[in-house]
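Novice: Okay, these came from Swiss-Prot:
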ACT_SITE  ASP109  active site, proton donor
BINDING   SER61  D-glyceraldehyde 3-phosphate binding site
BINDING   HIS110, HIS226, HIS264  Zn(2+) 1 binding site
BINDING   ASP144, GLU174  Zn(2+) 2 binding site
BINDING   GLY227, GLY265, GLY266, SER267  dihydroxyacetone phosphate binding site
Amino acid sequence: MGVKDLLSRKTGVIVGDDVLRLFQHAQENVFAIPAIMVTSSSTGSALEAARDKSPIVLQTSNGAAYFAGKGKGVSNDGQSVAGSIAIAAAHYIRSQAPAYGIPVVLHTDHCAKKLLPWLDGMLDADECYSKLHNEPLFSSHMIDLSEESVEWNIETTAKYLKRAAPMKQWLEMEIGITGGEEDGVNNESVDNNSLYTQPEDIYTIYKTLSAISPYFSIAAGFGNVHGVYRGDIALRPLLRHLHNAKYDEQLKCLQDPLGFFVFHGGSGSSHQPATSITSEFAAKGRVDLEKVAYLPGTSSLVIAPKDYLMSPYGIPVVLHTDHCKYFDPRVQIREGLKHMSARVQEAKDDFNDSNQAKKLLPW
């Protein structure tokens, strides 16, 4: 089936039923869509890697949005800075994405209890945008109440899904603990046994949320950890099958009964676990790249010509030569972006996402 039969919008930011169809297609064809964290010019490097070939998720976190806007010197009370910058990023991505010939899911990441005002503000923007364009500004949002009780997590997530549902907007929720540290939630010291979500929680989430809307996914704990693994983390994607098998009789459903799963912690995982996760359950895999992939590129333009960088007038041997080109931050940043783009390609290969758009786009 070609993408003309699958998606109503062929390129650019997709929403609603197109997001649902894309994730369904990923499940049926055993690939996961890489979700790439972007901050600024990293948006272009992610799109560059996927150009004409692969669907992609572009997402920003509260921390990244605040970082991009904190230079304004204004208070972030009520998440005003993080909210306004995330909204600005959404408009920027919407303007750029169609040029790359691929479907793009526009997403915001995490959002703990203390950051809910950020989500509230973005939903306000979604509703305003929807009145004008009959679709939300963002394709999807995430709510991460994994630090709270399971009951409050599910109850609050359901409330937000009810708000998003009329816009056919996707909501990703986290249940259980993802190790490491991300966006102000620190689970670096938790016991490994705490990194696995219980089947009964998944079942309760599915029953509760599916009664409201089909536009949701679950970021469950399968031993995954944010950041670079140290070799002592055991990913257990087969737990997904145990979740489904335990409740298959109650649901009596021939299709995947427990919805769509998201794999967090893809940045530091080796290729084999990431590929295994994809083949077992994930329709989306989150990869936080800008922290890891920028450095090799930018540092190569600092370490190698370090003598030139000591003075804009050149090294002592060539006193009258202008070496200002070595100081151009655009050159350094571009080298970092090239490395990031290559890392995005690795993630697409790991998640079996490479050339999926070409498979979907036969023209």
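Any Cβ shown, glycine's included, is placed from N, Cα and C.
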Novice: By CA-CA distance, flag whichever of HIS110, ASP144, GLU174 among the binding-site residues is nearest to the residue listed as 'D-glyceraldehyde 3-phosphate binding site'.
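Specialist: Considering only the listed binding-site residues, the nearest one is HIS110.
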Novice: Return only the integer: C-alpha distance in Å from ASP109 (active site, proton donor) to ASP144 (Zn(2+) 2 binding site).
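Specialist: Distance between the two Cα atoms comes out at 8 Å.
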Novice: In terms of DSSP three-state secondary structure, what is the assignment for ASP109 (active site, proton donor)?
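Specialist: Assignment for ASP109 (active site, proton donor) reads coil.
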Novice: For GLU174 (Zn(2+) 2 binding site), name the DSSP secondary structure in the helix/strand/coil scheme.
Specialist: strand
Novice: Enter the number of other CB atoms within 10 angstroms of the CB of GLU174 (Zn(2+) 2 binding site).
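Specialist: The Cβ of GLU174 (Zn(2+) 2 binding site) has 25 Cβ neighbours within 10 Å.
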Novice: Distance between HIS110 (Zn(2+) 1 binding site) and GLU174 (Zn(2+) 2 binding site) at the Cα atoms, whole Å?
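Specialist: Counting only the Cα atoms, the answer is 8 Å.
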